[in-house]
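These features come from TrEMBL:
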DOMAIN    13-241  domain 'Peptidase M24'
BINDING   79, 177  substrate binding site
BINDING   96, 107, 234  divalent metal cation 1 binding site
BINDING   107, 170, 203, 234  divalent metal cation 2 binding site
Ligand code: MF3
Ligand code: CO
Ligand code: CO
């Protein structure tokens, strides 16, 4: 597969899918409190996407994934499977939403703090979000994928954190995951050159401890090998003639 440049009509559909994904994160916020199970969050999101948005939750049955959203708690890096486990005060949780509307995908995630969270967890969450935005700010025609990865890695490591390498951002459109791979580490000026009309996700996973991860026996949940906390944020980004447009921006970010 090579990188697909989206047409004007595809971009319009991607804007709609992106907005719907963002709206699911806005909708779920008041439910992310101590005592809720991640299965309950999954059901609320599923029903909202299907019944209100008339859209499709992309993770459900994607390569066998059993739920409609990913919920990754504390040392879980990504692809956490919702379960009967209750969230408790002090947990940090990434909720990753991907919807399909009119055949096109919108993909976005954010970190939620459950009840009262420790200062070191809050710092990880803040630095990871800033790292994502530094990556996003690199996006413009003639910049390279390496510019994005370099910006993310430099900032994460300057803050004494590590960047996960096994999972990356991706092109997105009619397919959930398209070319290119968007690494969150690398060298400025290296890699594919960006062009107007490309759409990709930037979704760094950053750990307090070492970068290494392993996948649990469920075949999905990635956790830090050293069991330190991990955070992730994700947006879907359109390359525009003048730079970028964030297709999954939430009200709180405008
Ligand atoms: N939403 C994830 C991403 O950002 C992918 C989840 S795949 C699933 O690419 F199967 F785990 F849902
Ligand atoms: Co993604
Ligand atoms: Co995602």
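Just so you know, the numbers here start at 1 and follow the chain as drawn.
Keep in mind that glycine also has a Cβ here, set from the backbone N, Cα and C atoms.
Of all Cβ atoms in the protein chains displayed, 25 besides its own lie within 10 Å of the Cβ of residue 203 (divalent metal cation 2 binding site).
All chains included, 19 other C-beta atoms sit within 10 angstroms of the C-beta of residue 177 (substrate binding site). The two recorded residues, residue 234 (divalent metal cation 1 binding site) and residue 177 (substrate binding site), show a Cα separation of 14 Å.
Looking only at the domain 'Peptidase M24' (13-241), the predicted model's pLDDT averages out at 99. Only 96, 107, 234, in sequence order, out of the binding-site residues 96, 107, 170, 234 have a CB under 6 Å from ligand 3.
Sitting within 8 Å of the Cβ centre of 96, 107, 234, and not among those site residues for divalent metal cation 1, are the Cβ atoms of 21, 70, 97, 98, 108, 109, 201, 203, 235, 236, 248.
Listed in sequence order, the residues 96, 108, 109, 169, 172, 182, 201, 202, 235, 236 complete the 8 Å Cβ shell around the divalent metal cation 2 site centroid, once 107, 170, 203, 234 themselves are left out.
A gap of 6 Å separates the Cα atoms of residue 177 (substrate binding site) and residue 170 (divalent metal cation 2 binding site). For residue 79 (substrate binding site), the same-chain residues 6+ apart in sequence whose C-beta sits under 8 angstroms from its C-beta are 65, 70, 72, 220, 221, 222. Taking every protein chain shown into account, 96, 107, 170 are the binding-site residues, and of these the Cβ with the most other Cβ atoms within 10 Å belongs to 107.
Taking a Cβ distance under 6 Å to any atom of ligand 2 as the criterion, the binding-site residues 79, 96, 107, 177, 203 reduce to 107, 203.
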